[in-house]
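Down below is the structure, laid out as structure tokens.
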Amino acid sequence: MAKRQAPVVKNEIYDVTFEDLTHEGAGVAKIEGFPIFVENALPDEQAKIKVIKVNKGFAFGRLVELKQESAHRIDAPCPIYSQCGGCQLQHVSYEGQLEYKRKQVEQVLARIGKLDLNQVKVHPTLGMEDPWSYRNKAQVPVGEREGGLVAGFYQKRSHDIIDMERCLIQQADNDDVVQAVKRICEKYGIRAYNEEKHKGWLRHIMVRYGLITNELMVVFVTRTADFPHKADMIKEITETFPRVKSIVQNINSKRTNVIFGDETNVIWGEEYIYDKIGDVKFAISARSFYQVNPEQTKVLYDKALEYAQLTGEESVIDAYCGIGTISLFLAQKAKKVFGVEIVPEAIEDANRNAELNGFTNAEFAVGEAEVVIPNWYKQGNKADVIVVDPPRKGCDEALLTTILDMKPKRVVYVSCNPGTLARDLHLLEQGGYETVEVQPVDMFPHTVHCEAVALIELK
Ligand code: SAH
């Protein structure tokens, strides 16, 4: 079938009404059914736009004049919001953000998952009481300007580093430590890494923070293995911030955009800082994966645990278990938990965390969930409840097929991508499962990222 001619022309101005928001946070307007994506526009807004690019089935536009504002529109509180790109929804009231996220989940469940929204309840998004200063990890690139260092963020669509004193979604402590480390480095004449010349020493500063313990970790990512003025710098950092328990150097000598290199050495203090989610304690090293919003992580895991409906008799699988965070949460209430994860270092952390908390009913295996779990099942093992928390691309089909064969009573699906959640729910539904309810949880306020947990039961 021949594609029809686009009804819009590049560089022309149009009057439009926005209907929807994309998953990247752009407004969607339609002219004769032809979608046009416009940054910084919200559903129900009316505007004059200029079309800047026309593709085969859609176009991009730019706001020229906003004629009617959405009730959800606010002034973004952050002064660097438009330059940074780290947040995408600061121009939307928090209430509005939560509602957009719920709607996004509903839309994909209906469109991709083919679910009947009269039967599957999508609850209002669980948000934060105070949705600011939530990130427990700062990871900032370092550059140079005349007379000193800059540490902050890459300007949108570029590799220029803009200096930043305060990031509103970051724990203020993390910003304070980054600023102090920057000043201390300047004092000792430390040179920042220069991407083009592949010269200089300091590439990134990372700071991690344990919300419950208040412990801090500072990581220097450097091009070379030396550490100029080491004793003096350590002394200044630890005297300024007595809560710093660990200082680490990671060496990344490659020409790459990847932040970390392969070699990590503790140069002062402990290898780990600690944090707690609910009653479970976690050891966090420089390279461990750990959720960045610990307050909402507890909300998410409590919901997963509630959906699992454990009585103490169940055998539970936690697929894509990372450092065993969900597994250990489940181990509090299950007879036995079996966690599977592809990254060997994460499984080392998971075993350490199980020991740290005295859990003897959690076991972990390294490997692909879609290989390990089918093998485990072939050997005659079965789970009563399966929890999955896959990366953005969702579950591998081989894993879903094994779930359908194994027939656990319940599946609890924790998802960071509603689209792949919906796709996988469709497959489970076709195989005899029923999606009962879905709870979106806002793990990343002011960004477009949308997390949800679904309860799926065997019919
Ligand atoms: N449940 C954990 C981590 C979830 S992130 C938590 O809440 O902290 C998803 C995890 O899946 C990552 O740790 C990633 O390394 C892992 N992963 C990715 N592909 C995988 C696969 N095919 N099999 C098993 N684990 C995988």
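Backbone N, Cα and C define each Cβ position, glycine as well.
Any TrEMBL annotation is an automated prediction that lacks curation.
Residues annotated as active site in TrEMBL: CYS416. TrEMBL lists CYS416 with the feature active site, nucleophile. Under the heading S-adenosyl-L-methionine binding site, TrEMBL lists GLN291, TYR320, GLU341, ASP389. Sequence annotations record features per position, and here TrEMBL assigns domain 'TRAM' to 7-65.
What TrEMBL annotates, mapped onto the structure for a quick look.
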| residue | record | CB count, 10 Å |
| --- | --- | --- |
| GLN291 | S-adenosyl-L-methionine binding site | 21 |
| TYR320 | S-adenosyl-L-methionine binding site | 20 |
| GLU341 | S-adenosyl-L-methionine binding site | 27 |
| ASP389 | S-adenosyl-L-methionine binding site | 25 |
| CYS416 | active site | 17 |
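Other than GLN291, TYR320, GLU341, ASP389, the residues of this chain whose Cβ falls within 8 Å of the Cβ centroid of the S-adenosyl-L-methionine site are, in sequence order, PHE289, ASP318, CYS321, GLY322, THR325, ILE326, PRO390, VAL414. For GLU341 (S-adenosyl-L-methionine binding site) paired with CYS416 (active site), the C-alpha to C-alpha distance reads 17 Å.
Listed in sequence order, the recorded positions among GLU341, ASP389, CYS416 whose CB lies under 6 angstroms from an atom of ligand 1 come out as GLU341, ASP389.
The two recorded residues, the residue listed as 'active site' and ASP389 (S-adenosyl-L-methionine binding site), show a Cα separation of 8 Å. When the record's S-adenosyl-L-methionine-binding residues GLN291, TYR320, GLU341, ASP389 are compared pairwise by CA position, the greatest distance found is 16 Å. According to its DSSP assignment, GLN291 (S-adenosyl-L-methionine binding site) is coil. According to DSSP, ASP389 (S-adenosyl-L-methionine binding site) sits in a coil region rather than a helix or strand.
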